[in-house]
Amino acid sequence: MGRLVVVSNRIAPPDDKKSSAGGLAVGILGALKTAGGLWFGWSGEVGNEDKPLQKVTRGNITWASFNLSEQDHEEYYSQFSNAVLWPAFHYRLDLVKFQRDSWEGYTRVNALLADKLLPLIEEDDILWIHDYHLLPFASELRKRGVNNRIGFFLHIPFPTPEIFTAIPPHEELLEGLCDYDLLGFQTENDRQAFLESVAGKTRLTTHNGKSHQAWGKTFDTEVYPIGIEPDEIAADASGPLPPKLAQLKNELKNVKNIFSVERLDYSKGLPERFQAYERLLEKYPQHHGKIRYTQIAPTSRGEVQAYQDIRHQLETEAGRINGRYGQLGWTPLYYLNQHFERKVLMKVFRYAEVGLVTPLRDGMNLVAKEYVAAQDPKDPGVLVLSQFAGAANELTSALLVNPYDSDDVANALDRALKMPLTERISRHAEMMKVIRENDINHWQETFIRDLKRTTPRSVESNLQKKIATFPKLA
């Protein structure tokens, strides 16, 4: 078997330290180091698009990156990927802004990237493509004669057929996805939603539950819940506190902490979370002066109106809640619209009695797993988790809540704040068992293993040709 070629919208810079890399980068680098190969993606730069591919090699891995023109970046990335696919796949059709030009830009850039990658592909390479920016990428490679094994992993949810078919070019997207040999999803619900969408548009046949045919194409589907590096997170969390954090911990020693961190995005349910916390203060006044909720939400896609709106809404809500319930010497809610280093966050997780993770819809949500892994197993905190996060399928010992029901979340927070040590230890141990079994290495190893087991298109094509030449029985 040849090299591994990874394609994603963005690549992690080759000289980034592991400590600053996110979970996806760690998983991809682990797979690349095992097989050797290439990581291909956008450099993050807009303009100077005629610049040759920028290549850097470290050991047995090569990074190859390209620039995008302003038009391509706007239509492919800002408009179609993030103003059509992202909201639709997160069940927010009210925020979808479809324009025919953006669809044309999306397909044009996928074709452009296929042209750029084509000369770099070797005969025995296997290709692993990532996420919603590149749904039609396999189709573009097939058009150019690439018969290598090509796998795809979707990091975000796949919506139900009723939602997906609202995207105007939904049929083209579905048929294009069937050009992959293996399609990986975060949850079984996502996998089934995809298959139901295909079955609604063409004849779908399934063999052994996971191998399918549609539009004359053969492909496999499977569930691969992405994981984390629990030992690395535990080490980061248990190290010495920086001076400012040590001082803050001392100041808060008589207060129980509820902690959340997510990038500022409408899919994360932040306004609903603030309302649920307010409901906790209203319904359980015994907690006044004894708890503090800290929400860290660094700005994301700040140029998009929907993101500007949610930022203003959160600032208003935080001020209103503090104005209503705050006391001299006690501010019930801290909202920080800024970025913190990942290592620092792991230390903060460890000293938070409650981790509050309540997205309205999420493919997985690694923050939930990171919070659990950062805890002291002898005195762990409690995870309050949305039932609509992919992580809820694995972390069943968390307190699962409906993020749309403020009373449900408030009741869970009250229960978490009062939970006895024995129950906290038991729930934490059960979640850690799952997190260790399905860590980031297990995720990438099982996906690559299954992709290698698929039948290459060239072999499949030759078999079909041979079958076609068999004499027909009279």
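From the backbone N, Cα and C atoms, a Cβ is placed for every residue, glycine too.
Per Swiss-Prot, the candidate among ASP131, ASP236, ASP362 that belongs to the D-glucose 6-phosphate site alongside ARG10, TYR77, ARG301 is ASP131. Shown in sequence order, GLY227, ILE228, PRO230, ALA391, LEU395, ILE435 are the residues of the chain, 6+ apart in sequence, with a C-beta less than 8 angstroms from the C-beta of LYS369 (UDP-alpha-D-glucose binding site).
Nearest by CA distance to PHE340 (UDP-alpha-D-glucose binding site), out of the binding-site residues ARG10, ASP131, ARG301, is ARG301. With respect to their backbone Cα atoms, TYR77 (D-glucose 6-phosphate binding site) and TRP86 (site 'Involved in alpha anomer selectivity') stand 10 Å from each other. Sequence-ordered, the extra residues of this chain that approach the D-glucose 6-phosphate site, with Cβ no more than 8 Å from the Cβ center of ARG10, TYR77, ASP131, ARG301, are ASN9, SER81, ASN82, HIS133. The Cβ of ILE156 has fewer other Cβ atoms within 10 Å than any other of the recorded positions ILE156, VAL367.
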